[in-house]
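Accompanying notes for the structure given below.
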């Protein structure tokens, strides 16, 4: 039976609370919470929130990790007409301060201990939330978040300047959710059993909670204290009865460091959903070897267009013939175009900037009209967004990714995509993972390219010195890479830094190289 679109997220959750009250919605390391619990707890907390007399539709910060109380609080806020701003408990203090400054929330709900002192915003802590649950208040839903009201606001992690709060409405959320639960590429099963690993402050989390709640499934979550410890992570992951794995490719690469991450040990996994960063052929091939029968989905999209706008199931033919995986067929309700530098639409096959339009496009950045005007506009009478990504559309309607416009550099007269360099480096038989980083001179011109490299197991022992490894890598890539793209310096690391969202922190490495 195919999944049907939903008309309202809260009404759908309420429906499952009535029809399957004892079915688990949330599982934290074996501790279960049911749809009945979620309704009762969110109702009771919504009643308490209403009593606070907050300004109508004002945003509320929710601070914490992957606790059940986070989800129940989100639902309570939606019922009581407030957008929520999730902030992960591992966020840097400066970032938390910057978000409060931009968002001006009417309330902070701190599921984890709030790290800032002397905050003027009213606050509710975990004990008070649990006390609200225990009151068992009934709640009549009369003023929920609906239509163009903000459902959630996620702050993107800009490394310079203030973070930008992307406002996602209930209509935006429905556009994404209904595509995901009905699209043939995702082929999402009913009652999905979903890994809930990415933090709620990262919009990849919407890719697990939205379809799961829309289809009456169960979220299996791992506290970040576990995901940050390899031994604990592997021990915990193998015990989870999950069918759908949702993460960045980097997190899957981390899981594949364990030989036990395979279909024999985890026979229940039927789907892998990837978004948030590029899925390489190399990672997908390794995953296909480990899970030969699982469906691997490569999805793409910016936070500003509600999680993702395109997706494709990776085929064996793609893995055998392509150097770079396509990023998907675009959503039917979200016309996606390629434009040139003058803003003209380009024909299929020509490379330019990816522009997305339609009902999933955000209304803009919270309290930031200047940045909103730069990135959001109208295109053919639809709300549209400049992704800042380079792409090409094929005649078959497949979107191809060409890298970030802001990761394009000019070096010795050549225009170079840093991601192209990284992709080519990763083709060396000596390299497990690598990224290319530019070093600038005082005039901000690119002086040279550096490569940060993780070597494959056993490679270092084959060579006496790093310089010999570098020579071997360069020889290995002679026929693959143009000489002007070859980094002049190779730095060997055991690991590469990740952002809090689990992506390789390229901007951080650029800052490190240039001592910013």
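One is the number of the first residue shown, and numbering goes on along the chain from there.
Glycine is no exception: its Cβ is also placed from the backbone N, Cα and C atoms.
Sequence-distant contacts of residue 503 (D-alanine binding site), defined as residues of its own chain at least six apart whose C-beta falls under 8 angstroms from its C-beta, comprise 248, 250, 276, 277. The ATP binding site annotation in Swiss-Prot covers 156, 157, 298, 299, 300, 301, 302, 303, 389, 401, 402, 403, 404, 503 and is backed by sequence analysis.
Residues or ranges marked as D-alanine binding site by Swiss-Prot on the basis of sequence analysis: 203, 307, 503. For residue 307 (D-alanine binding site), the count of additional Cβ atoms within 10 Å of its Cβ stands at 27 [all protein chains shown].
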So which binding-site residues out of 156, 300, 302, 389, 402, 404 end up within 10 angstroms of residue 203 (D-alanine binding site), measuring C-alpha to C-alpha? 156, 302
My understanding is the cutoff is Cβ-Cβ under 8 Å with a sequence separation of 6 or more in the same chain; which residues meet that for residue 404 (ATP binding site)? 388, 389, 390, 418, 419
What is the number of other Cβ atoms found within 10 Å of the Cβ of residue 298 (ATP binding site)? 26
Near residue 307 (D-alanine binding site), which binding-site residues out of 156, 298, 402 have their CA within 10 Å? none
Check the binding-site residues 203, 389 for other C-beta atoms within 10 angstroms of each C-beta and report the one with the most. 203
Specify the secondary structure state of residue 503 (D-alanine binding site) as given by DSSP, simplified to three classes. coil
Have a look around residue 300 (ATP binding site) and count the other CB atoms within 10 A of its CB, chains all included. 30
Same-chain residues at least 6 apart in sequence whose Cβ lies under 8 Å from residue 156 (ATP binding site): 163, 164, 166, 303
